[in-house]
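TrEMBL lists Gly42, Pro43, Gln44, Ser45, Ser46, Gly47, Lys48, Ser49 with the feature GTP binding site. For 32-261, the entry in TrEMBL reads domain 'GB1/RHD3-type G'. Residues or ranges marked as topological domain 'Cytoplasmic' by TrEMBL: 1-653, 699-742. Here TrEMBL flags 647-667, 679-702 as transmembrane segment.
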Amino acid sequence: MFQLVGYDEVFNGEVAGLWRKASGAGESGDAHGISHVVAIMGPQSSGKSTIMNRLFGTDFFTMDEDQGRYQVTQGIWLGFDRKSGTAVIDLEGTDSRERGEDAVTFERKSALFALAISEVLIINLWTQDVGRLNASNILLLRTVLEQDLVLFHDEKSAPMRTKLLFLFRDHDMATPLPRLSNVMKEDLQGIWKQITAGTVHNESQLEEFFDLEFYALPHKVLMPEEFEAACLELRANFQKEDIFKSSYDRQLSLDGFPVFAGGVWETIRRDKELDLPAQRELVAVVRCDEFKKEALEAAEEELGVVKEAINTGDDTKLAAVGEDIGGIVSRAFEVFDENAQRYPEKAVSKRAELEASLSALATGIFGSHADKVRRQLLEAFGTQLKSLTSWNGFGKGLKGFVTTAMGKFDSLCATNVDYIEPEYSAKREQLSSSIELQARRWRDSAVKSSLQQLQAHYGSSFAPPCAAILDAAAKHVDTVWALVAQLSHKSYKTVKEEASTRFATEGLALPPDVERSAIIALKLDCEEETLRQIHGLIGSPSLFLTRVKQCFFDQFRNDANGLPRVWGPDDDITEVYEKALEVSADVANALSTVNRFDLDDPEVAKESVKHFDDECYIEQIKASLQKEAEAAFAESKRSQEQMKAQMMGVQGQLPVWLVAALILLGFDEAVWVLKNPLLLILCIVLTAVGYVGYVLNIHVFLRDRFRRDMNSVLQRTKRALDQIAPDTPAADTSVTSSISMN
């Protein structure tokens, strides 16, 4: 028993908890609905609380007669009979001196409240007040009947009946009960005609809307035994439910009663139009919201545990996340469905809201779990990629890593929860895209590395033979670029075959389109490497000039066999010079423009490339070559002229008399030599050798060689003497120096 509405007309904010305690709402096994609602109204101190305690076993406060007549029940109080499941409402008595003139307002509101939520409204009257206007609450009953038509019998309201049970107190049997009942019926009929006049209910009767019942109770003090017997009889009627009809049912649930009562009271208090179906709908909304909140809070608590396991758990715990989330969500729906089944009109929409909330919550937690697994797998995948250091088996290894990563994601994140499935699919797609991107980058890096290696292989196989071809350009100046084209084709064919092996299934396992692109890139790289190597071999203008000059000197100073030329007195230096200069100019012209050919088909020519962007370089090189060639030509001519002069000088230096003296004095020796063939031959040979040596200045060479050899011998001798007699270095040094100088 507790106060439902305070004396100040404020609805008790703690009704929900008090009601659960009083009625057992929310306990295991409680009924889904209130069996009945009974309210009592009547004058102050007329024994309302006493009779309700007798009928329903409640413990409403009653007046202590020794203290006089005073207001006991203030506001509206609520009790509950658990045996019959009946909610009992005790209204504040009417016509109280405590409220004074303000009593009418509260009396009207409380009567409307009782009429709105009760199936049976007991009007407690003193028998002697029957026939009176105010004492019998006729004016208040008029208000009740008027509002009943508005609440339950307008065009938009569902039909609903109410039993009005008039309880005549202190009946002394002087006036029979039927007579008292007729008086009350006449008064009620008169009121009914007044309030229905000019309305759609003008032709209707009171009994069409209300069931009237009258009951008399003897005097409690003067006839206590009869009073108790009458109370027991009336209580038995309530317990047998003889007094209730199905048309009285307000369709109130046990747990939703406080919300419904609060909504009705606030509507009446604010003088708004009272719409009971809307109030019942409000109860359904509020209660379903509460059920939804309870289910959601329970799910949040359990999902919090799952979230903690995600943050700290190992693979074993992670693998059960999807199953755990599914179980938590299912239990939340079971709790909601069990509680909300009493409000089917709102259960569907609130269940949809609960599903949306659970979906968002579970999806968020599952998303965190999937993100964690995805990050771990991406990190592990990146580590595995670093082990692919060779092109051999790269594709097979990469495919295995991808399969392992996706399989592990499926094992750790797979779920059978429908609304998590899209999140699972999205996260799986993210992982697949990230892995594909990372794998493509790693594969592209491997392809790039292979192309660089293949380009290096091409360069190493192309450069040395190309250098030899360019060095010998004077011998095949017209076909130099054709030879280079054949060489580049051969080198490219070799690296292309190697590339096909690398890009095949057992290697990088490139898709066909990627392999085609890689081969094209390789060809471009090799073409670039070809030009780079050629430009490097030909070199800068200074190196190019050196090459051309070397070509000239090779032609000018060496003969056809490559041996150094020794200009004789009769050699035609001018012819050799002009021919060497012509060949050098042809080489310069040929090498100044690089003729390009297709690497796959050396017969197909491509656009030529100038070695020097500025044509002035070629003219400057030719001018420098001309100057160097003229200097070499002049030196050779000067050397030839000196040789001729020396030969002429030997013959002219011997006087005639000396020649005659030599002949006379050496005649005998000459005869002797002539008579001796061996000696004659020896003299002839020595003379020829001496002549040649003189002409070639061999005697100077022999003199210098002799001095170098002697210096070497003296140095070795000095070191030997130093080891034998280290105390006499000065003497040895002076000797050695003198010998060396001589």
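Just so you know, glycine gets a Cβ as well, placed from its N, Cα and C.
Note that TrEMBL annotation is computational and uncurated.
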Using other CB atoms within 10 angstroms as the count, which residue among the binding-site residues Gly42, Pro43, Gly47 scores least?
Pro43
Integer average pLDDT (0 to 100) for the topological domain 'Cytoplasmic' (1-653):
77
Setting Gly42, Pro43, Gln44, Ser45, Ser46, Gly47, Lys48, Ser49 aside, what same-chain residues sit with their Cβ within 8 Å of the center of the Cβ atoms that define the GTP site, listed in sequence order?
Thr73, Gly93, Asn124
Residues that sit under 8 angstroms from Ser46 (GTP binding site) by C-beta distance, when 6+ apart in the chain:
Gly93, Asn124, Leu125, Trp126, Arg169
Just to be sure I understand the packing, how many Cβ atoms besides its own are within 10 Å of the Cβ of Lys48 (GTP binding site)?
27
Highest Cβ count within 10 Å among the binding-site residues Gln44, Ser45, Ser49: which residue is it?
Ser49
